[in-house]
Amino acid sequence: MKKPIVAVIAGGYSGEHSVSLKSAAGILSWLGSEPFSTFLVLIERDRWSVRVSEQREVPLDKNDFSFDLDGERIRFDYAYITIHGTPGENGLLQGYLDMIGIPYNTGDTLVESLTFNKYVCNRFLSGFGIRIADSMRLTGRDTQPDVADLIARMGLPLFVKPNVGGSSIATTKVVEAAQLLPAIEQAFSEGEEVMIERLICGTEVTCGAFLRKKEVVALPVTEVVAHNEFFDFDAKYNGAVEEITPARISDEATRLIQTMTARIYELLNARGIIRVDYIIEADGIPTLLEVNTTPGMTPTSFIPQQVRAAGMDMKEVLCTIIRDGLNETQ
């Protein structure tokens, strides 16, 4: 029987391009050559290509998601999206794949566009009783807000960050009024909307989840102890953080985080692997920070740590997701 041909899609148009390539390398190493034939698909603004060997790339035909290899026309059976940012995390790529009938590992266009907008996603989930931080959104019309009015409403300290995007790029902790406008300008440099969020104090944790045989599996919880003021890009990717899996929290708190994560997965009708970040405040109740539907997948990322702590391996988890996706289309 012919092996299914799987595209591991990486790259994208955002500042997280390099992170995406590292995640793709991790996924390809775990999948290996069995039970699927896997290829790296690189998406750039001016070119979509397939890496068929270390030294060779060939163009990808966007009409049917296929490519020519030595005279043979090869069409992908499945797409594993590991783009962090646009177009893989905001629903654009999902819409394209839906139109040409290629199954994939994430939520659909609606789910991805919702979760990519931090402010809107958190507001949506708060309607189901999920606690969120006090926040506000600025659009392109609000590039010079009244600082005094904003601080009177939100207080200090607070966080300023792009409303879409990830990896804590252009995120600033603001502790005094003079820092606010520069922080807003920096966040606007990465996108058209800015989210301002009240500082939450407590223990930062994160929990992954995936679907196995139509049941949501919540993974062990990781505690995040940043050596910087907060878990910024440097902490995430340059080692300025301590990541403890399982987290040093009570069994009751662990169960609560896992239950909330599974519920968020179901409320969003998510697919594949997601990761949800929280702060456990002094009252023991978790406050939602954000939902990530294409989490980092390098060997040292949170999800692989949690999978190992659960006694599973990444190949097993990835193959489960891909097989389930292929079976749904048969």
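First residue shown is number 1, and so on along the chain.
Just so you know, glycine gets a Cβ as well, placed from its N, Cα and C.
Straight from Swiss-Prot, the features:
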- 122-323: domain 'ATP-grasp' (DOMAIN)
- 151-206: ATP binding site (BINDING)
- ASP277, GLU290: Mg(2+) 1 binding site (BINDING)
- GLU290, ASN292: Mg(2+) 2 binding site (BINDING)
Discussion item. Considering Cα atoms only, can you say which of ASP277, GLU290, ASN292 is the nearest neighbour of ILE151 (ATP binding site) among these binding-site residues?
Written reply: GLU290
Worksheet item: If you draw a 10 Å sphere on the Cβ of LEU158 (ATP binding site), how many other Cβ atoms land inside?
Response: 23
Practice prompt. Calculate the distance in Å between the alpha carbons (Cα) of GLN179 (ATP binding site) and GLU290 (Mg(2+) 1 binding site), and round it to a whole number.
Written response: 24
Discussion item. Same chain only, sequence gap of 6 or more: which residues have a CB within under 8 Å of the CB of GLN186 (ATP binding site)?
Written reply: VAL160, ALA170, THR172
Worksheet item: About how far apart, in whole Å, are the alpha carbons (Cα) of GLU193 (ATP binding site) and GLU290 (Mg(2+) 1 binding site)?
Response: 16
Worksheet, complete the sentence: If you measure between the CA atoms of GLU290 (Mg(2+) 1 binding site) and ILE200 (ATP binding site) and round to the nearest Å, you get 13
Discussion item. I want to verify one value. Collapsing DSSP to three states, which class is GLU193 (ATP binding site)?
Written reply: coil
Response to the item:
Around the Cβ of ASN292 (Mg(2+) 2 binding site), other Cβ atoms found within 10 Å total 23
Item to complete: Could you tell me which three-state DSSP class ILE200 (ATP binding site) falls into?
Response: coil
Discussion item. My understanding is the cutoff is Cβ-Cβ under 8 Å with a sequence separation of 6 or more in the same chain; which residues meet that for ASP277 (Mg(2+) 1 binding site)?
Written reply: GLU204, VAL205, THR206, VAL224, LEU288, LEU289, GLU290, VAL291, ASN292
Worksheet, complete the sentence: Averaging pLDDT over all residues of the domain 'ATP-grasp' (122-323) gives 91
